[in-house]
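A.B. asks: For 14-34, 49-69, 78-98, 101-121, 138-158, 167-187, 212-232, 235-255, 344-364, 379-399, 413-433, 462-482 (among others), the entry in Swiss-Prot reads transmembrane segment. The topological domain 'Periplasmic' annotation in Swiss-Prot covers 35-48, 159-166, 288-311, 365-378, 434-461, and the record cites sequence analysis as its basis. Marked as topological domain 'Cytoplasmic' by Swiss-Prot on the basis of sequence analysis: 70-77, 122-137, 188-211, 256-266, 333-343, 400-412, 483-493 (among others).
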Amino acid sequence: MNKHASQPRAIYYVVALQIWEYFSFYGMRALLILYLTNQLKYNDTHAYELFSAYCSLVYVTPILGGFLADKVLGNRMAVMLGALLMAIGHVVLGASEIHPSFLYLSLAIIVCGYGLFKSNVSCLLGELYEPTDPRRDGGFSLMYAAGNVGSIIAPIACGYAQEEYSWAMGFGLAAVGMIAGLVIFLCGNRHFTHTRGVNKKVLRATNFLLPNWGWLLVLLVATPALITVLFWKEWSVYALIVATIIGLGVLAKIYRKAENQKQRKELGLIVTLTFFSMLFWAFAQQGGSSISLYIDRFVNRDMFGYTVPTAMFQSINAFAVMLCGVFLAWVVKESVAGNRTVRIWGKFALGLGLMSAGFCILTLSARWSAMYGHSSLPLMVLGLAVMGFAELFIDPVAMSQITRIEIPGVTGVLTGIYMLLSGAIANYLAGVIADQTSQASFDASGAINYSINAYIEVFDQITWGALACVGLVLMIWLYQALKFRNRALALES
């Protein structure tokens, strides 16, 4: 019997944990901006600042979490502690109605948990296979697909719980999901005994001040306290500036490490792709902030006598990614003919073009709202689905190129820099863009009147901004295509 005939048993526990982690994270994310504005009565500017700071830090901490796992905790312990912290964070978030300080503390705990979890769950999965095991790619594909299942279900379940019961119930359901995933994972603990555990030698080296686990407890208590400070706007900006400077310094070091012109060109391609990815995600991340508030205020959400909770719309994007991803994988076959760089830029142009089309649909929706008071639900669904489809032509393409680079020992670092720019910096920029929609006035009774014209203007500007990016990418695509054609003609002559 072939020992590679099926996946290792341990993978199913990792997959279960991944499903519930996505459920927990995206369920809470779907509720957060609505909770800040509708329940805590934050003004839009304050809510956007906090939301973007939270989303930015989520993409910074995995770098630290990966370092901690490599040096001290090991992937398995880091994943378990991360899951536990995220569950605790969601519980504390549900209690933030009691006192505002719980809000910042809860988000900080979730960020720390996410940092420990996200960077290490993939590494833990990798430990289940030998380097040459042919099942490896299938295992990672299974984990990715499972995560999408969680992100589809989460906004529906948590949105329903919040709408029918309470905000605490919605956040509590996210916590229950994370706890369920952790319990399932612990039930399969015996399948992970061969994976790398806690580095006791490192812990013993610091035993002269505190017991082994004392240092870990200090870290778990101090880190949320430190990150809580970063949620003030100025400090979060400073943190991103420092992280970006460090990232650029690392890029310069990698460039000097390149041994030939081919490697330098590969690095230049990755840097350029990362820049356009950053702009793409600054537009796409409006889904959790300005678009969510637009849906809540200006879209007719009634369907068959039921008012669809705003949070449920967050499932449309994930569903489109999964459905279109399956279509591309099974129906569209990658051509091996032609130049790979030309194909890469063609895909980026398509992704940015679809993003522009999605926001064009949202602009039409907003204009409809201005004329008739509310926009139609199908138009909103179509716009979000097109934007979800666009994602498939950006991140997978960029990440594939990063893994192809021939400079040894830099793939992980480049992945971290890509996440920093397309995740952390993009989310900060998304907050700046979303804040342009925060125009409101008060009527004679003191009620807030939100400006639909602000949404029209911002959605329209993003439409043209994404289209301008398409133009720039097409110029690069045309240059690469002509260069490839001229090279081919020279070889034939």
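Glycine is treated like the rest: Cβ placed from N, Cα and C.
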A.B. asks: Using a threshold of three or more Cβ pairs below 8 Å, and leaving out pairs closer than 6 in sequence, do the transmembrane segment (49-69) and the transmembrane segment (235-255) count as in contact?
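C.D. replies: Contact criterion met.
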A.B. asks: Tally Cβ pairs under 8 Å between the transmembrane segment (138-158) and each listed stretch (14-34, 49-69, 101-121, 379-399, 462-482), then give the stretch with the top tally.
C.D. replies: 14-34
A.B. asks: For the transmembrane segment (78-98), which recorded stretch in the set 49-69, 167-187, 344-364, 379-399, 462-482 gives the largest number of Cβ pairs separated by under 8 Å?
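C.D. replies: Stretch with the highest Cβ contact count: 167-187.
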A.B. asks: In the same chain, which residue numbers or ranges, 6 or more beyond the ends of the topological domain 'Periplasmic' (159-166), come under 8 angstroms Cβ to Cβ?
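C.D. replies: Contacts with the topological domain 'Periplasmic' (159-166): 30-31, 172-173, 307, 309-312, 314.
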A.B. asks: What counts of helix, strand and coil residues does DSSP assign across the topological domain 'Periplasmic' (288-311)?
C.D. replies: 12 helix, 5 strand, 7 coil
A.B. asks: Are the transmembrane segment (49-69) and the transmembrane segment (462-482) near each other by the rule of at least 3 C-beta pairs under 8 angstroms (pairs 6 or more apart)?
C.D. replies: no
A.B. asks: May I have the DSSP-based helix, strand and coil counts for the residues of the topological domain 'Cytoplasmic' (256-266)?
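C.D. replies: Split into helix, strand and coil, the topological domain 'Cytoplasmic' (256-266) gives 8 helix, 0 strand, 3 coil.
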A.B. asks: Check the transmembrane segment (101-121) against the transmembrane segment (167-187) for contact, please; criterion is three or more CB pairs under 8 Å, pairs 6 or more apart in sequence.
C.D. replies: no
A.B. asks: How about the transmembrane segment (14-34) with the transmembrane segment (344-364) - do they touch, taking at least 3 C-beta pairs under 8 Å (6 or more apart in sequence) as contact?
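C.D. replies: Result for the transmembrane segment (14-34) with the transmembrane segment (344-364) is no.
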A.B. asks: Mean pLDDT for the topological domain 'Periplasmic' (159-166), as a whole number?
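C.D. replies: Average per-residue pLDDT within the topological domain 'Periplasmic' (159-166): 90.
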A.B. asks: When only pairs 6 or more apart in sequence are counted, do the transmembrane segment (413-433) and the transmembrane segment (167-187) reach 3 or more Cβ pairs under 8 Å?
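C.D. replies: They are not in contact.
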